[in-house]
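See structure below.
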Amino acid sequence: MRVVFMGSPDFSVPVLEALHAHHEVVCVYCQPPRPAGRGKKDRPTPVQARAEELGLPVRHPKSLRTPEVQADFAALGAEVAVVVAYGLILPQPILDAPDRGCLNIHASLLPRWRGAAPIHRAILAGDDETGICIMQMEAGLDTGPVLMCEKTHIGAEDTVQDLHDRLSGMGARLILGAIEALDDLVPQPQPEEGVTYAEKIAKAEAGIDWSRPAAEIDRQIRGLSPFPGAWTMLGGERVKLLRCRLAEGQGAPGELLEGLVIACGSGAVEITLAQREGKRPMERDEFLRGFALPRGSLATAS
């Protein structure tokens with residue numbers, strides 16, 4: 001099938017690779033290169049970089065709303081467009097251009113967690129499961145009817161990165177099945193009950209308040225890892241906490257009990273992966289070997 005692919009970040013790359021292996025990808029749309037790194041040089045998105053390796057034509061318009069861009073899109077003669085974490089809203093002329101419409105791969109169990117950060121929000125909220133939905137796109141934000149859905153359990157120590165990688169592969173597999181069965185699938189309207197929105201993660205959400213219960217802090221650490229990374233002040237430095245587990249122990253909120261077990265308002269968490277400023281992430285034992293933290297030290301919000 002002639003496919004236009006629209007995506008930008010790492011999450012989208014396995015989907016592009018799967019489509020390229022099984023269909024004719026006539027063009028790839030992604031966000032334009034942006035300044036990144038210490039030199040602030042323009043860096044292409046992961047999708048653009050992979051598309052160019054595969055020899056696929058790439059376009060990165062700043063908007064899809066101009067008549068010229070819409071005419072160019074329609075001229076591709078795509079049978080279907082596949083959209084995953086693209087980064088631009090698709091206006092109606094774009095949605096109408098492919099013969100079979102536009103299919104979106106969304107990383108939640110719709111209608112729960114429509115919007116920009118569904119993986120983060122599922123962990124932060126303490127959800128037991130999440131998944132992938134293949135949706136027929138319409139003008140609303142993630143409101144279209146669902147063609148296919150698959151669930152996955154959220155483990156007690158799963159981070160955003162863990163779910164990101166699992167769901168990305170799941171999305172690549174499901175979209176191939178959806179395209180193959182497109183003539184037989186019956187779009188199911190999303191229920192009106194249970195709608196929630198996954199707002200973008202704000203920087204203010206990353207600072208840890210140790211007076212909160214351990215279960216909440218555990219979800220905060222896992223639900224913000226690796227980006228933006230929940231942080232605390234520890235040993236006079238700002239430290240990102242990237243992996244953890246619930247632990248036994250009591251003490252003053254923020255008190256270092258043993259190793260990297262830190263007391264919370266109720267209960268405690270054990271940090272298993274942490275990152276000092278300017279350093280790479282380190283497992284607990286390696287982190288402690290290079291950072292003297294006496295028992296009773298306090299982790300604080302500022």
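Cβ atoms here come from the backbone N, Cα and C positions, even for glycine.
Model, not experiment: these values are computed from the prediction.
What Swiss-Prot says about this one:
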BINDING   S108, L109, L110, P111  (6S)-5,6,7,8-tetrahydrofolate binding site
Can you list, in sequence order, the residues of the same chain other than S108, L109, L110, P111 whose CB lies within 8 Å of the CB centroid of the (6S)-5,6,7,8-tetrahydrofolate site?
H106, R112, W113, R114, P118, G131, C133, D142, Q190, G194
Same chain only, sequence gap of 6 or more: which residues have a CB within under 8 Å of the CB of L110 ((6S)-5,6,7,8-tetrahydrofolate binding site)?
C133, M135, D142, V146, C149, Q190
So, three-state DSSP: helix, strand or coil for L110 ((6S)-5,6,7,8-tetrahydrofolate binding site)?
coil
